[in-house]
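Quick notes on the structure that follows.
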């Protein structure tokens with residue numbers, strides 16, 4: 001009887017322990033994730049993959065641009081160096097850098113960080129198209145690469161050279177009011193001279209021929225602003241439909257509508273929104289918001305203060321540019337609010 005009682009007690013303890021362990025294991029079971037960690041977010045929809053994946057491209061592509069990637073990583077991520085499908089060909093001091101940086105907000109766009117100067121530089125051009133391709137950033141096949149070199153617009157050999165590379169390429173030309181652009185061009189050169197402690201002529205002396213008192217068309221800043229003369233040379237190779245004119249003045253004050261027009265021209269799905277652009281009152285320019293973490297403003301050299309220019313010279317220049325502007329409007333089909 002004594003032995004039977006002991007066995008019953010030990011048995012009940014064993015059963016109790018077993019029940020406790022079962023309960024404990026059950027509770028632990030309930031705490032475990034239903035799916036393995038790597039699969040908790042589910043598979044991506046195949047239809048949404050390209051653009052959604054490209055939204056997160058920037059960190060990875062930045063590493064590749066810095067040269068921190070192996071050939072194996074390039075292969076695994078299906079990255080390539082593509083020739084540009086669009087080029088910002090000009091104009092100097094029209095807002096080419098701002099346009100390139102703003103277009104880079106679009107997940108399907110990858111920009112070449114530096115001006116390549118392939119088509120306008122004979123030495124670079126002699127290195128061949130493979131050299132040019134290797135200057136392009138890594139990108140996914142679904143993306144389009146864009147570069148900008150504003151010297152392209154005014155260099156005589158460039159249209160034919162680009163045509164030989166890709167006769168169907170899309171060409172972006174960003175322009176500002178011609179007199180303002182010429183003064184901005186002068187201001188940049190003046191700053192460079194002052195940095196080297198060199199003297200430089202006043203704008204009025206360069207822009208107006210002292211012998212004739214007429215506009216000096218030999219002055220490069222003036223020649224560059226005669227947009228129609230340069231565009232006519234391009235039209236010998238490309239139809240006007242392959243050009244898109246961007247209003248550089250409006251890009252400063254109201255960038256989103258201009259960027260939406262470019263998205264449409266490049267056949268890109270609309271992705272750039274007001275969220276991506278915020279006005280920096282200190283700088284007086286719009287800055288870029290890529291995501292909740294990463295923002296970017298243009299370099300401090302943008303928006304230099306122009307020197308005061310004799311109003312009579314400004315009037316003379318605007319009168320000179322007026323007929324060229326009218327022809328430019330007629331050719332491009334875009335009328336801009338220039339005096």
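Backbone N, Cα and C define each Cβ position, glycine as well.
As annotated by TrEMBL, domain 'Sulfotransferase' applies to 84-328. Taken from TrEMBL, the feature 3'-phosphoadenylyl sulfate binding site applies to 93, 94, 95, 96, 97, 176, 184, 286, 302, 303, 304, 305, 306. The active site, for sulfotransferase activity annotation in TrEMBL covers 93. According to TrEMBL, the disulfide bond annotation covers 287-297.
Across the fold, the C-alpha of residue 95 (3'-phosphoadenylyl sulfate binding site) and the C-alpha of residue 287 (disulfide bond) stand 14 Å from each other. The two recorded residues, residue 297 (disulfide bond) and residue 304 (3'-phosphoadenylyl sulfate binding site), have Cα atoms 15 Å apart. Long-range Cβ neighbours of residue 304 (3'-phosphoadenylyl sulfate binding site) (same chain, at least 6 residues apart, Cβ-Cβ under 8 Å): 184, 187, 188, 191. Annotated pair residue 93 (3'-phosphoadenylyl sulfate binding site) and residue 287 (disulfide bond), C-alpha to C-alpha distance, rounded: 18 Å. Put plainly, the binding-site residues 97, 306 were compared by Cβ crowding within 10 Å, and the winner is 97.
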